[in-house]
Amino acid sequence: MVPGARLVILGRQGAGKGTQCMRLARHYVVPHVSTGDIFRASVKAGSEFGRRAEEFMMAGKLVPDEIVVGVVRERLCQRDAKARGFILDGFPRTAAQAKALDEMLEEERMPLDLTIDLEISEEDALARLAARRVCSTCATIYSTSRPPAIDWTCDNCGGEVVQRQDDTEDAIRKRLADYNELTTPLIDWYRARDTLVQVDAIGSPDEVLNRLVCAIDSHKQG
């Protein structure tokens, strides 16, 4: 294993993207950069782009791509990401954002190594999400087939493990349809630039991680 990587991870809901991003970050010793987390941190810190983003969010408006890219740049230009790389999760969401990200990374001399699409069918995604359970305190993910050790009490923090309100079948199908509409052009954009690898997301977390590491290391070694 060669430490360090600059990766974008894509995948529809139910693909296990969050779990694998955290595992890849540990494996390659790089930060897991979740756009939800960095937006909250940027707003809390009162950074330039955080303040601008907060104005739009407080007004109930969509944050423009220019500001989203600015928030991402602030995080990726921090020492740990500059030195080792990053696992980018939740951005880009559109081909326009992907183009802006590539331009920003080129300016910073931090080109992407690879974009990975975790592949899972809609029916498999639906089954996973319907079975998903989440700790209400620390957000650790379980399922009806892999429950916590003691009566739906989180193994990590002791919080209550519950089903999310938006994990109903109708809500899941709507999210999957929205993902397909938004992300298909993004996947096509990366495929056209020969930076996309698709990895089967079905299997145990360890099996999927092994596939990801093999794909990434093979690409890095040329």
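Start at 1 and count along the chain as shown; that gives each residue its number.
Note: Cβ is positioned from N, Cα and C throughout, glycine not excepted.
For Gly14, Ala15, Gly16, Lys17, Gly18, Thr19, Arg132, Gly203, the entry in TrEMBL reads ATP binding site. Per TrEMBL, the feature region 'NMP' maps to 34-63. Sequence annotations record features per position, and here TrEMBL assigns AMP binding site to Thr35, Arg40, Lys61, Leu62, Val63, Gly90, Phe91, Pro92, Arg93, Gln97, Arg164, Arg175. Per TrEMBL, domain 'Adenylate kinase active site lid' is recorded for 132-166. The Zn(2+) binding site annotation in TrEMBL covers Cys135, Cys138, Cys154, Cys157.
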**Request:** With DSSP as the reference, give the number of residues of the domain 'Adenylate kinase active site lid' (132-166) in helix, strand and coil.
**Result:** 0 helix, 12 strand, 23 coil
**Gly14 (ATP binding site) to Arg164 (AMP binding site) - Cα separation in whole Å** = 13
**Item:** Cβ contacts of Ala15 (ATP binding site) (under 8 Å, same chain, 6 or more positions away)
**Value:** Leu118, Glu119, Ile120, Ala125, Ala201
**Asked** Residues sitting near the domain 'Adenylate kinase active site lid' (132-166): Cβ under 8 Å, six or more positions beyond its termini, same chain?
**Response** 14, 18-19, 172, 175
**Message:** Between Lys61, Arg132, which of the binding-site residues has its C-beta surrounded by the fewest other C-beta atoms within 10 Å?
**Reply:** Lys61
**Item:** Listed binding-site residues among Lys61, Val63, Phe91, Cys138, Cys154 whose Cα sits within 10 Å of Arg132 (ATP binding site)
**Value:** none
**Request:** Can you tell me how spread out the ATP site is, meaning the largest CA to CA distance among Gly14, Ala15, Gly16, Lys17, Gly18, Thr19, Arg132, Gly203, in Å?
**Result:** 15
**Fill in**
Nearest to Phe91 (AMP binding site) by C-alpha distance, among the binding-site residues Gly18, Thr19, Cys138, is Gly18
**Message:** Using DSSP and collapsing to three states, where does Val63 (AMP binding site) fall: helix, strand or coil?
**Reply:** coil
